[in-house]
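Here is what TrEMBL records for this protein:
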type     : residues : note
COMPBIAS : 458-467  : compositional bias 'Polar residues'
DOMAIN   : 4-444    : domain 'Major facilitator superfamily (MFS) profile'
REGION   : 446-467  : region 'Disordered'
TRANSMEM : 6-25     : transmembrane segment
TRANSMEM : 94-114   : transmembrane segment
TRANSMEM : 126-146  : transmembrane segment
TRANSMEM : 158-179  : transmembrane segment
TRANSMEM : 185-204  : transmembrane segment
TRANSMEM : 251-270  : transmembrane segment
TRANSMEM : 290-307  : transmembrane segment
TRANSMEM : 328-347  : transmembrane segment
TRANSMEM : 353-373  : transmembrane segment
TRANSMEM : 385-408  : transmembrane segment
TRANSMEM : 420-439  : transmembrane segment
Amino acid sequence: MKCNISTRYVICVLGSIGLGIIYGLKTNFHVAIVSMVNHTAVAGGSSHDGAAKEDGPFVWSKTVQGFLLSSYFWGYMISELPGGRLAESFSAKWVMFFAIAINVVSALLTPVFAEIHYGLLLVLRVLQGIGGGVTFPGMHVILAHWAPPTERSVMSNIVYAGTALGTVFFMLLAGIIGAKLGWMWIFYIEGGASALWLLLWFFLAADSPATQKKINPEEREFIMKSLNQTEGESSGAHELKMPWKAAMTSPAFLAILVAHTCSNWGWYMVLVELPLYMKTVLKFKLEENSFLTALPFLTMWIFSMIFSKIMDHLRGKNIISTTTARKIATGVASMGPLICFVSLCYLDGQQTGVVLMTLAVTAIGGMFCGFLSNHIDIAPNFAGTLVAVTNTVATIPGIAVPFVVSALTKKDDSINSWRILFWITVALYAIEFIVFSIFGSGEEQAWNKPDSEGESQPLKSTAPTKA
């Protein structure tokens, strides 16, 4: 880009929109399924009362619904590690293109496949998961090549906060479309509009400043100098052998792994099950449900943007180190929702429930400039593979949450069952906070620059400012 338009921030915004699409096309199903299922028939009742007006055509049992909601994560898990290595050795740009394309096509086919058989819908959900699974590794690799150390928190946050903004936009739109036009139009409209991103990404994105033809030369030099890269190194993680043993036994990496896994239980609790909680416990209808479910993700996005800027400012002034910044952010993302979920166990009322859930989700936004961007700090050469490993393990909660919720709410969907879920969430957030506070680090690890035999080499200085 020329003039005053920063190419690195164009890449960030496009990445953010891309992740927003991935999360939007994932979570719109969680809103749509409320209208797709004939809840009265599933419960074994008649459909002559007023509450049955929102019933849909499909008599899918709670178990089938659990499979449909969790099947996304089956594909998500199997694609992450291959996606990380592909992004590092081939092209993160094209890995991202594939991810969005497969999600767009699957969204457009969802109404047709649902009408034929839920088994075909399950296959689509797995395919969407395969696309979704490669996005975090892909964007981590791109950020490792494009983000100057003193802008890393902000740029990472712009990219990954797109997940929250996409969730907000798609959930709100899904509620309106579903109520006015019918559930099938949720997929046609949102899937069709998302296809436009593919054109923008094709023409504007590049794997690194060195391969970007439209970048201002001064910006290219600034980025590559800040990352201590030469023309040959800027796209060169494929030249390095992954130091698996050193990485998998590194306390700094294991702290990220534990934090990511524990945090994801709470993340998927709100991302996947919040619409159900709003409907069954707080008794909101579809349009109210979609708005109030989306609201916390909007406040999360606003908070995370402000919070990441503060963290980078403090780091840039050398007031706090990268390690301290990551620990503060992860602490906010764990202790904030922990307090809210404990409160939800004992405080009643619609307004109270909405406020506490909004505060919980807002605080979770600290993760974007906390442990979630920490892989790039400790090993930028292998950031894609490392986030693939942690996100693969952290996807287990994504698979487990729908089944645990389904099992606990099958006979009793009152607050009594949700209290058990909330206490499980509280325990995992406590583990996240303790482990990352003790073992987390923002310093580049020696094994980030292995030699050809996989042995560690001394590190070169990366920048005068702390990364």
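Glycine is no exception: its Cβ is also placed from the backbone N, Cα and C atoms.
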For the transmembrane segment (6-25), which stretch among 94-114, 158-179, 385-408, 420-439 has the most Cβ pairs under 8 A?
158-179
Considering only Cβ pairs within less than 8 angstroms, which of the stretches 185-204, 353-373, 385-408 has the most against the transmembrane segment (420-439)?
385-408
Given the model, what does the mean pLDDT over the domain 'Major facilitator superfamily (MFS) profile' (4-444) come out as?
87
